[in-house]
């Protein structure tokens with residue numbers, strides 16, 4: 001009996017040690033992350049790009065430092081090419097818009113004038129007629145409500161304008177920090193990757209073999225999941241692009257290819273995605289009186305949203321190694337806890353826990369708690 005009680009006591013103590021260690025690690029990561037995230041991003045780049053560096057070193061006979069530098073230049077060139085392509089496309093579309101802007105503006109004003117004369121004025125006349133039949137107390141109450149509504153609307157618009165200005169100022173103030181973080185991350189990537197064999201040899205000396213095996217398994221799983229996540233997002237974007245493009249061709253929308261491509265790109269934004277384009281566009285067309293295109297775009301937007309909700313768990317799960325139901329659960333829980341960013345945090349957390357499970361980390365912890373490790 002005493003032996004049994006002693007075993008339970010030791011297991012409880014070990015369990016408390018494990019829980020305390022995990023809690024301490026999470027708290028330490030939360031406190032330290034704001035100080036080291038540029039270096040973590042540099043480490044992430046080193047892990048991802050190390051095969052390229054190794055290939056240049058072995059096949060191209062580059063010195064290690066030159067292989068790393070060439071990889072950085074390649075990354076910057078790809079980034080610059082992407083930014084240049086986007087800017088050229090935006091400038092091209094703006095030039096095309098500038099040519100058509102006077103005609104579009106005149107057409108828009110004509111549509112607004114038609115809407116006011118044929119829709120708003122008749123409603124206004126009926127309201128005035130009805131208002132005249134009301135007694136004085138009801139009229140004063142309506143006037144009071146209208147004044148309150150006007151005041152609230154003015155306050156809301158002022159607050160929205162202030163928020164927009166503050167957001168722009170905050171973004172402008174953050175540009176130096178973003179640039180500094182980017183440079184530090186590249187430098188960290190350079191030095192970590194350049195001395196990667198030394199760092200690898202150092203950790204192989206100080207880390208136990210059992211931990212090394214688990215760590216390699218976790219890192220490999222995370223790399224595979226990251227590549228799978230990118231592949232899944234590209235697949236979802238491509239499906240959205242094709243659906244929108246076909247829909248635009250059916251509806252005979254001008255610049256169908258360019259707009260569909262842009263909608264496919266914004267599909268990367270969690271939760272909002274294509275709605276950033278479709279919703280303002282549908283509202284504008286409704287005001288303009290183009291009800292055929294309003295209905296067509298609304299149906300197309302509904303198809304895009306529904307197909308995304310239906311196939312995202314399956315595609316994401318297949319590519320990152322999660323069951324579709326688990327993926328759906330992680331998306332929902334992540335969204336409820338963290339908002340839109342949770343749609344990324346949720347699956348990433350499940351992938352990380354799955355990697356730990358496959359590496360036997362939870363099994364080892366449980367054996368430690370039982371005292372059989």
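Heads up, the Cβ atoms here are built off N, Cα and C, so glycines get one too.
Just so you know, TrEMBL annotations never went through curation; they're auto-generated.
As annotated by TrEMBL, transmembrane segment applies to 7-29 (among others).
Among the features that TrEMBL reports, transmembrane segment is placed at 35-53 (among others).
With a threshold of 8 Å between CB atoms, the same-chain residues lying at least 6 positions outside the transmembrane segment (65-88) that come near it are 45, 49, 52-54, 56-57, 186, 189-190, 193-194. What TrEMBL records for 65-88 (among others) is transmembrane segment.
Per TrEMBL, the feature transmembrane segment maps to 171-192 (among others). Only residues 6 or more beyond the boundaries of the transmembrane segment (171-192), in the same chain, are considered here, and those with a CB under 8 A from a CB of the stretch are 37-39, 41-43, 45-46, 49, 68-69, 72, 199.
The annotation transmembrane segment is assigned in TrEMBL to 225-251 (among others). Long-range Cβ contacts of the transmembrane segment (225-251) within its own chain (Cβ-Cβ under 8 Å, at least 6 residues beyond either end) map to 48, 257, 259-261, 263-265, 267-268, 273-274, 293, 296-297, 300, 303-304, 307-308, 311-312, 315-316, 318-321, 347, 351, 355.
When Cβ-Cβ distances below 8 Å are used as the criterion, the transmembrane segment (257-284) is approached by residues 89, 93, 233, 236-238, 240-241, 244-245, 248, 294, 297-298, 300-301, 304-305, 308, 335, 340-341, 343-344 of the same chain, each at least six residues removed from its ends. TrEMBL lists 257-284 (among others) with the feature transmembrane segment.
According to TrEMBL, the feature transmembrane segment maps to 291-311 (among others).
Non-local neighbours of the transmembrane segment (331-356) in the same chain are 217-218, 221-222, 225, 229, 269-272, 312-313, 316, 320-322, 362; each lies 6+ residues outside the stretch with a CB under 8 Å from one of its CB atoms. Here TrEMBL flags 331-356 (among others) as transmembrane segment.
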Contact set, same chain, for the transmembrane segment (35-53): CB under 8 Å, 6 or more residues outside the stretch: 64, 67-68, 71, 74-75, 181, 184-189, 192-193, 196, 219, 223, 226
